[in-house]
Amino acid sequence: MALPQPKQFEPLPDHKKLPSITRLAGRGISDLSFLEKSLLFAELSRAAYFNRDIAGQLAEEVGLPEVRFYDRDGAQAYIFGGDEDAVVCCRGTEPHEWNDIRADINALTDAAETIGRVHRGFKREVDDLWPRLEQALVSNERTLWFTGHSLGGAMTAICAGRCYLSHIRSNPEAVFTFGAPRVGDKRYVNHVDLPYYRWVNNNDIVPRVPPRWMGYRHSGAEIYLNRRGRISSVSGLFKARDRWWGFVRTLRRWRIDHFSDHLMSEYLRAIRIAVEQEETGGTPKALLRLLEKAASRARPTAPSPAATAPAAPAPTPATDDAGLPHQTTPSTGQQKV
């Protein structure tokens, strides 16, 4: 049986019909509101599904005219750049690409031992691209952001973790993902401490894999979209009930929202509405609660006297092929690639 053909995305939207804040217009990404950033990264994550010419057209429209494209064995990523910012955007899943399907299937059974456990299928996709991405990022002096949808979200999270734990001097400012799966276990999540915002659309099935019973955990703050496409701070039984009614509603339309909720176009639609509402009525209260909760978790605790005492400089640790600290080769001290 032949694999299904890739989903046909609707044409690129006329930029005049988009909310004006999707264009930087001389500003840096840091100057945007949280929702404005989310919309910008959602547009770029969607652009990553297109070829370099079309993706470059959209990136230039939003104010990131520098476009670098990386492709090896089906693993693909862009670096979009402007005067102040650089955005690493990994491409997500398309059904006709076997590498993507293989990586997603491996999510059920495979993991790699590093600092904690990292999903090996996702890591292998990053391994294909990392030497060239690393070369580009080593000299970067702009504010660095990471984004992606689906498998692209998992890949970009691993890339950001490698930057955070490596010799690359421009640490990630933040990671924004849309419908991304779990990447590692609790030890890994706790070790790679990055500002990380995960958009999850109602019954999207992908953020539920790899399963929790295998030890995988999400990191960062979840921005949940309820069955009506609105940002919601519900959790536990209230979230389960919302997902149930979302599932019932889509059954009446003869479709299964576990898959339709995963479409990047659905994320874009919801975030655009939220941005338009923010322009007229302010930031949604549910989002403010979620961001306050995330900020409270990220607030550093006061260091102990022992922690502030000067210490002898330690050698820079080598890393394993996942980009995580590992044993140093005695003869060279170089990273194992």
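From the backbone N, Cα and C atoms, a Cβ is placed for every residue, glycine too.
Taken straight from TrEMBL:
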- 87-212: domain 'Fungal lipase-type' (DOMAIN)
- 292-337: region 'Disordered' (REGION)
- 297-322: compositional bias 'Low complexity' (COMPBIAS)
- 326-337: compositional bias 'Polar residues' (COMPBIAS)
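Each residue in the domain 'Fungal lipase-type' (87-212) has a pLDDT score, and their mean in this model is 82.
In the domain 'Fungal lipase-type' (87-212), the DSSP tally of helix, strand and coil residues is 53 helix, 32 strand, 41 coil.
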